[in-house]
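Accompanying notes for the structure given below.
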Amino acid sequence: MASVLSYESLVHAVAGAVGSVTAMTVFFPLDTARLRLQVDEKRKSKTTHMVLLEIIKEEGLLAPYRGWFPVISSLCCSNFVYFYTFNSLKALWVKGQHSTTGKDLVVGFVAGVVNVLLTTPLWVVNTRLKLQGAKFRNEDIVPTNYKGIIDAFHQIIRDEGISALWNGTFPSLLLVFNPAIQFMFYEGLKRQLLKKRMKLSSLDVFIIGAVAKAIATTVTYPLQTVQSILRFGRHRLNPENRTLGSLRNILYLLHQRVRRFGIMGLYKGLEAKLLQTVLTAALMFLVYEKLTAATFTVMGLKRAHQH
């Protein structure tokens with residue numbers, strides 16, 4: 001129990017949250033482009049830079065940063081929960097021994113499930129706020145009018161029921177394999193490099209973080225597309241298809257996507273997603289590693305568990 005409520009776990013959680021917020025702020029416009037490509041499938045522009053130029057031209061210079069605060073708030077909470085859970089469980093399970101790839105995957109999966117169940121309502125709200133006021137090509141999208149985070153929560157609960165705050169939970173639970181795979185490769189690659197050298201450089205951490213995220217994102221991207229559509233929740237779908245992120249709804253959306261756009265329709269926006277998530281993850285891990293190392297050094301502590 002001491003491992004779960006330890007100061008070391010808190011340091012990891014805060015460093016992870018700060019790292020993710022820093023990285024997402026830097027690369028936020030890329031996430032805006034990715035989300036538009038996923039949700040507004042009738043948009044003619046197919047590349048990241050063309051979508052961003054289109055958004056700036058039609059909606060203003062700051063439009064790529066629309067919804068920044070709710071996204072950053074959600075990301076901060078989400079990564080705090082994930083890093084805290086991941087490092088607490090790892091410390092509890094490993095207990096001073098060397099970790100393994102299998103253990104990293106299991107711990108990452110459990111941490112992901114806890115994170116999804118606690119933070120999905122925040123992501124549903126931030127997805128809608130981020131797309132509010134956007135000029136869509138898809139006439140099936142119903143516009144929203146939220147005054148802020150609290151008002152968005154209020155309107156969603158009032159008009160759609162409290163269960164709507166967990167829209168996309170099922171694909172999100174499937175997508176816990178994304179961070180689990182990411183952390184498995186990250187920790188595994190880090191262990192391999194540390195066998196050959198005493199300390200990792202900033203470039204080492206950046207590259208390892210980028211490679212781990214690229215693999216995880218490519219494997220799980222079709223489900224991420226479905227997740228974005230379900231979280232947005234403003235498409236005019238048939239009532240029987242508007243279930244709470246059920247397997248039936250996921251299969252329906254995947255089928256519709258393939259029928260209308262071919263198999264590559266499942267990967268629409270992947271370029272923007274890879275560009276954004278790979279760079280964001282790499283920078284996040286870099287900030288995270290530097291912050292944890294500096295904090296442990298200043299406080300005269302050793303890491304709670306070995307990698």
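Glycine is no exception: its Cβ is also placed from the backbone N, Cα and C atoms.
Within the model, the topological domain 'Cytoplasmic' (1-9) carries an average pLDDT of 67. If you look up Swiss-Prot, you'll see 1-9 (among others) marked as topological domain 'Cytoplasmic'.
The region 'Necessary for targeting to peroxisomes and interaction with PEX19' annotation in Swiss-Prot covers 1-147 (among others). Counted with DSSP, the region 'Necessary for targeting to peroxisomes and interaction with PEX19' (1-147) comes out as 106 helix, 1 strand, 40 coil.
Annotation comment: Swiss-Prot describes 31-66 (among others) as topological domain 'Lumenal', evidence class sequence analysis.
Per Swiss-Prot, topological domain 'Cytoplasmic' is recorded for 88-104 (among others).
The repeat 'Solcar 2' feature in Swiss-Prot is assigned to 99-192.
Taken from Swiss-Prot, the feature topological domain 'Lumenal' applies to 126-160 (among others).
The feature topological domain 'Cytoplasmic' is assigned by Swiss-Prot to 182-202 (among others).
Taken from Swiss-Prot, the feature motif 'Peroxisome localization signal' applies to 190-199.
The repeat 'Solcar 3' feature in Swiss-Prot is assigned to 200-294.
Taken from Swiss-Prot, the feature topological domain 'Lumenal' applies to 224-280 (among others), supported by sequence analysis.
Among the features that Swiss-Prot reports, region 'Necessary for targeting to peroxisomes and interaction with PEX19' is placed at 244-307 (among others).
For 302-307 (among others), the entry in Swiss-Prot reads topological domain 'Cytoplasmic'.
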